[in-house]
Amino acid sequence: MLENYRNLACLGLAFSKPHLISQLERGEAAWTPAEESQRVVCADWKSKPSNKKSDPNIGISVEASPQEKLISNVFNLRETLGYSTRRETQQKRREKPYECGKTLSWRTQRIQCQRTYVEKKLYECNDCGKTFCQRSDFIRHQRIHTGEKPYECNECGKAFHRKTGLTEHQKTHTGEKPYKCNECGKAFYRSTHLTRHQRIHAGLKPFECKECGKAFHWRTGLSEHQKIHTGEKPYACKECGKAFCQSTHLTRHQRIHTGEKPYECKECGKAFCQNTQLTQHQRIHTGEKPYICHECGKTFHWNIQLTQHLRIHSGEKPYKCNECGKAFCQSREFIRHQRVHTGEKPFECNECGKAFRQSTHLTEHQRIHSGEKPYECRECGKAFHWRIGLTQHQRVHTGEKPYKCNKCGKTFRWSTQLTKHQTAHI
């Protein structure tokens, strides 16, 4: 017993001699309560393979250190006296024993392995119950609940929970885009953005709507789409109260109130609220007409033009007036027509206060004040405020008389002449 006591003292186990002897006599383990969890040998631990001859009675290498002999003797003593091991105790408590699957040969490695197990998921968040192996991860996680953002951008002042978030953000200021797509060459600030982009080339749409089956490249696309089914419109305009499903739709709408037109045409300087509007406008300069009618072969700059044109062939007039029953191919024609019944004239001249049903009528009227005459006759050089004025004038040169009297067959250049003539038959 005295030899055992000395050996344990060398290992740094602080026990009084009488207490140690009484523990060994009772068959109890010679560990302090505080070190119990750290000094139990790993359940799956195996001794280091050795070519040395082993003593079958003890089960350790002949050349094992005194400390290892002592540890083995204590465990053999516990088993001899019928005391359960830690693994058996865990099973009785219905706890899953720690199995790391590692073969650890030396005592220091075993203790380190056990310490890792004891400290595993040691840090638990009081707010959400999430556990962490490392203190640094635990501290970073707590910032989510506290709202702490210690990493601040020197350029714009934006703050982040994590340093990695700041590092990624700073690339927006430096213009650095280290993640490049091998398919199209497009570059990105973040690796996650590249990963999402690559789904376009792969045709991968892993996010599917359970309501209608529509699939999306990105989770955000699905989230925005689902609001169509739920009717949720969380983005409301502070100016007029109009609500939208998507934040991008609200941003575009707000430009109506602010008058902001950030997308400018380099050819003519015309500016637009939306990037898509600029793209469509540029086709006027390039002459591109990618939308073709398969009925007659006519081409169009914009898809909406093709859609409206196809109604000529189909005879479809989906916009019907409830007041008079008149139907229209295009929604804008229907809206303009309704103003005839309502008397609404929303377009007012700032110079004289005269109001008009259509914006085009206001534009034409304003030329009277500005003196602008953009429509010029190629035959004689005479200019006009409006296109219809030029069209009517050109009949002087062509001799065209499209307005015919149903009573006598006489023809006229202008509708006003025909109207005046018809009074003679009354």
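Cβ coordinates are placed from backbone N, Cα and C, and glycine is handled just like the others.
Annotated in TrEMBL:
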DOMAIN    1-43  domain 'KRAB'
DOMAIN    123-150  domain 'C2H2-type'
DOMAIN    151-178  domain 'C2H2-type'
DOMAIN    179-206  domain 'C2H2-type'
DOMAIN    207-234  domain 'C2H2-type'
DOMAIN    235-262  domain 'C2H2-type'
DOMAIN    263-290  domain 'C2H2-type'
DOMAIN    291-318  domain 'C2H2-type'
DOMAIN    319-346  domain 'C2H2-type'
DOMAIN    347-374  domain 'C2H2-type'
DOMAIN    375-402  domain 'C2H2-type'
DOMAIN    403-426  domain 'C2H2-type'
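Only residues 6 or more beyond the boundaries of the domain 'C2H2-type' (319-346), in the same chain, are considered here, and those with a CB under 8 A from a CB of the stretch are 308, 311-312, 355-358. For the domain 'C2H2-type' (291-318), residue counts in helix, strand and coil come to 12 helix, 4 strand, 12 coil, using DSSP. Same-chain residues lying 6+ beyond the ends of the domain 'C2H2-type' (347-374) with a Cβ under 8 Å from its Cβ atoms: 336, 339-340, 383-386.
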